[in-house]
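Inspection log for the structure reproduced underneath, given as structure tokens.
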């Protein structure tokens, strides 16, 4: 059976790995391929700061709560493993800051040690009157994609650099199952009026004295439009740009100045930090992520398609739960083709 995953960001590679781990032993003739025109370090995943944190408001789809939890638990289970360094995985603590009180987030019991800030802590951030502190995880996209690629290569997965023009093209090429993980570019393969780019721009700096993340929130301006500072394994990410519908991949001087001014106001010592890089990427914004099966009619044959895209700015936060769900959908396809019998549920 030939399975083609389109897309080599965190969604595509994690989905491919989930399918390999669950079905390679029962499908001896599994021919799994990854098609993409961009591989690491040129994907949107490479641009992401990598902090595990969902949106503040609860998702419309209750399954997304479970997928977020599954991802956090999966990453946390690796935190003391020999793989953690290669994955770009580490614990990180920090602050979410607000001008005034807001409800607790739905994920407060997923992270470690969630609590409200004390008055003394808020004195450190005089422009803000309310906030939270907790410990989360950082998973750096560039390292993680390299680790996933290595795991897939060990399992015999083949990678092809090519620009796919349509799902039909892949079906005609002999794919039995197509897994569409094309993120913000999914609309080029199949029209999706709900999908839009959420352009972001970030500055990477060398600032090893920054030990805590600081995320600010301004409900009036909207998500990602106020300063944030996120320390990674080697570098610190500065951001605060979100432009819906903007496809411009070129770094903007105006956006650079907005980020720099906002982050240096939040943490004045950053003025002494050396800038080591600046990047632009696109969040695949959709009212609800798309994770479902579809049958594609090509000629006289039906090709199975699993869509897994539209994760907005939280792809790294929810990726493993979505990969597990996509693998489950793949298992149902195998069962219908009488190639696999699903294990009985113990619920």
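Heads up, residue numbers simply count up from 1 along the chain you see.
Any Cβ shown, glycine's included, is placed from N, Cα and C.
Feature annotations, reproduced from Swiss-Prot:
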BINDING   8-11, 37-38, 43, 45, 49-51, 163-164, 182, 283, 312-313, 315-317  FAD binding site
BINDING   53, 283, 313  D-dopa binding site
BINDING   224, 228, 283, 313  D-serine binding site
BINDING   228, 283, 313  D-proline binding site
REGION    1-16  region 'Required for protein stability'
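Same-chain residues that are not part of 53, 283, 313 yet have a Cβ within 8 Å of the Cβ center of the D-dopa site turn out to be 48, 55, 223, 224, 312, 314, 315, 317. In the predicted model, the region 'Required for protein stability' (1-16) shows an average pLDDT of 97. Residues listed for D-serine, 224, 228, 283, 313, cover a largest CA to CA span of 16 Å. Cα to Cα, residue 164 (FAD binding site) and residue 313 (D-dopa binding site) are separated by 24 Å. Cα-Cα distance from residue 313 (D-dopa binding site) to residue 11 (FAD binding site): 12 Å (rounded to the nearest whole number). Across the fold, the C-alpha of residue 316 (FAD binding site) and the C-alpha of residue 224 (D-serine binding site) stand 16 Å from each other.
Within 10 Å of residue 283 (D-dopa binding site), judged by CA to CA distance, lie the following binding-site residues from the set 11, 224, 312: 312. Calculated from their C-alpha atoms, the gap between residue 224 (D-serine binding site) and residue 312 (FAD binding site) amounts to 11 Å. Between the CA atoms of residue 8 (FAD binding site) and residue 53 (D-dopa binding site) there is a gap of 22 Å, rounded to the nearest whole number. Across the structure, residue 312 (FAD binding site) and residue 53 (D-dopa binding site) place their CA atoms 12 angstrom apart. Here D-dopa is bound by 53, 283, 313 per the record. The longest Cα to Cα distance in that group is 15 Å. Counting only same-chain residues six or more apart in sequence, the Cβ atoms lying under 8 angstroms from the Cβ of residue 11 (FAD binding site) belong to 181, 183, 308, 309, 311, 315, 319, 322, 323.
Taking only the Cα positions, the spacing between residue 228 (D-serine binding site) and residue 50 (FAD binding site) is 12 angstrom.
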